[in-house]
């Protein structure tokens, strides 16, 4: 056991952790050359394309160190994006050490800081590594100083390497052996193994990635999951070298995969503890949480007969992604569809893209919303995540909205812009800290403002230099109202929004004028109105297309022309009573882009 090293890699998107992982696998001979593809651990197409890691993957590598001993290095790959922070904390809790990979030309970013603090809180040994030192813009001294200023760990003499060209990779492996402690644990104690990740395989059902903390797990053992109380039998055990290799048993300190008869991902929750039925552990390992959805959106098929296909597709995605929640919902404007819950905006985009790409679905997505707590006058408390489900204004005592704490790292020259942006979004400044050339701002922001377009705005106002990390803080009472959009006097439920009273009129006007541009002209006038309750706050008209009925009259009597115009007017009036207006998909998307300029 003293020769096992469990570690993960913490890095910001694009700082090169997947490439570094590839180099480790190549160096330790985990795969032969024909099986090496770039970014071996990122197995989803969308992961490779966006260059991000979504699910945790592992590789068990045998490394012969310079001292002549063979060490088993278990690399647990972690996602770097803020939406997947729970997965990161689970991956880290399975390790004793973490490599902090920082791009030597770019320096430290906010997500790196957040994940690094998570690691330090979990008591994980953090080893700094500077990557991309072969770039002409690399400045190792400055970045070492930044790591010390911002994160507060000793970075003098941090290992320098370039994962792309392979320089210094061996030094990094030596550093892992030297700095990261061997796992602690007792092979003879009752079994406690934490589920680091789980995914669905078409042939064997659910595959769980586990880290054995105490005890030993063998083939054909009967096991129990401690949070769901489900019981099952071990069918297969083994390790990934990224290929799967079967084993008879896994002992304390090891990381490997476990396949049982479980068919549903909901039974094997990430962070849960597995123990033996015959000799159970007295308590589960700490740190397990149920994942809460933060952002909600409606997904509707463009063709209503695709509804069942969409349900199947969502169920299949849920097999691999336990944090995706969905329930059926009906909208008058869009027909049958689903209300889905996501971890954040990136998660929403990824799910939408996977549905379109892997399942060939044509989707309409409504504006993302967050959960509000509504206290009614009779003292009852309800949760509302769909604006059209908000009860009547008369029956509401208060509405509470979710507040997040955002940590923003930004170069000094853009601080003013970022602060202005946060104030526009009703943010409250909590802290401001100068660290070298960077400034760390902490703000409490309403989540509602963040899901709209905060991230894009933050990037554009800081020329892409600012980086953001956030976590949920609490619900706070706020002066919120529901804004309805009416087309031809009928409410379009899918376009309702919950907004702050101050910005309601402004938003209403912007939306109405945007809708006017996007709704195709019909044969009759269409009124687009924004309303709060029964009060109309903005109106725009989509002008009718009309035929020039006077084209055939040359000269002649005015009454003849009047007669033709009256006839046309009557026809338009009749049309308006029966005509219904198709609202194009672009109009729904426009709602997202209407910003508080």
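For all residues, glycine too, the Cβ spot is worked out from N, Cα and C.
Some features that Swiss-Prot has for this protein:
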type	residues	note
DOMAIN	2-184	domain 'tr-type G'
BINDING	14, 15, 16, 17, 18, 19, 131, 132, 133, 134	GTP binding site
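Taking the Cβ of residue 133 (GTP binding site) as reference, residues of its chain lying under 8 Å away and at least six apart in sequence are, in sequence order, 104, 140, 160, 161, 162, 167, 168.
DSSP classifies residue 16 (GTP binding site) as coil under the three-state reduction. When the binding-site residues 18, 131 are compared by the number of other CB atoms within 10 angstroms of each CB, 18 has the fewest.
Looking only at the domain 'tr-type G' (2-184), the predicted model's pLDDT averages out at 72.
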